[in-house]
Amino acid sequence: MSAHQARKRFGQHFLTDESVVESIVRAIGPARDDRVVEIGPGLSALTRPLLDRIDHLTAVEIDRDLAARLRRQYPAERLTVVEADALTVDFAQFGQGLRVVGNLPYNISSPLLFHLMGAAEQVRDQHFMLQREVIDRMVAEPGSGDYSRLSVMLQARYRMEMLFDVAPEAFDPPPRVVSAVVRMAPLPADRLRPASDAAFETVVARAFSQRRKMLRRVLGDWAALTPWDELGIAPTARAEEVGVAQFIGLADALLAAGAPGLARP
C-alpha cells in the first residue's frame, strides 16, 4: 500500500515507535467487549493492536484518503469508520461506557477536549497523546504558572493523570514539541458540580481573560455580588490562585445573585 504524505492542515504526526504503541495499549488495557472509539487513527499504529484485543472499534478520521485506506484494511464488522471532523461528531451517539483513545491532532487539541466534555456522561475513560505542555495545563494546581481555564474546566469534570512522555522521534514527521500520554476518567455523578454548566463556563472564561489582574477587577460589576469571605477567596486573589471548588462556588453565588449575563439552567 502506497505511503501517505502527512498533511499539515490536519496536524498529522504519525506514531511509528512500536514500543510507545505497546505502552499506550498496555495503559488502556482493553477487554474484548469494550466499546472503543479512536480519534485520528491515521496509519493504524493504535488501530491494529487494539483490534487484536477487542471485537469492534469505531474510528473517527477526517482525512478521506486515510478513511478509505482503513476501510480497505479492515472488514466493516470489525471497524466502523466515521469520516468526519472530530469537532463535529456527537460522541454520545456511540453509546454508554465509551473508551475514547487517540493521538489527537495537536492543532485542535484544546477545542477537542472541550468538545468531548459534552459526552462525558457516556464515557468510561479517555487515553490521549497530546503536547506535553497541554497536559501540564490540564493537571496543573492553583498557584502554578500552568494553571488556566483549561485546568479548571477539565478538573471539574475529570480525574486526570499524566502517564509518560513521548519523544519527537517516535513520530513521522517528528513534531517540534515533546508529547505525553494522559488518562482521563470522568468524575462520578455525586461530584461537586455547578448549578449551571453554562454559568460556570462563563465565569471561568471571564476570570482567566486577564489572568494577571486581581479577580475583583476582572469580574467588574460581578465583584459587588461576590461573597468573598464565604467562598474563602481573597479580594486580592488572581484567577490562577482560585481552586476548582471555589470557582464552582463563585459561579453558583453569582447565578443566585442574578448577575447579568449568566445563563440559568
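Using N, Cα and C of the backbone, Cβ positions are placed for all residues, glycine too.
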Site co-member for S-adenosyl-L-methionine according to Swiss-Prot, given H13, L15, G40, D85, N103, out of E61, E121, E133: E61
Those residues of the chain, 6+ apart, with a Cβ under 8 Å from that of G40 (S-adenosyl-L-methionine binding site): V60, E61, I62, A86, G102, N103, L104, P105
Candidate with the highest Cβ count within 10 Å, taken from the binding-site residues E61, D85: E61
Number of other Cβ atoms within 10 Å of the Cβ of L15 (S-adenosyl-L-methionine binding site) across all protein chains: 20
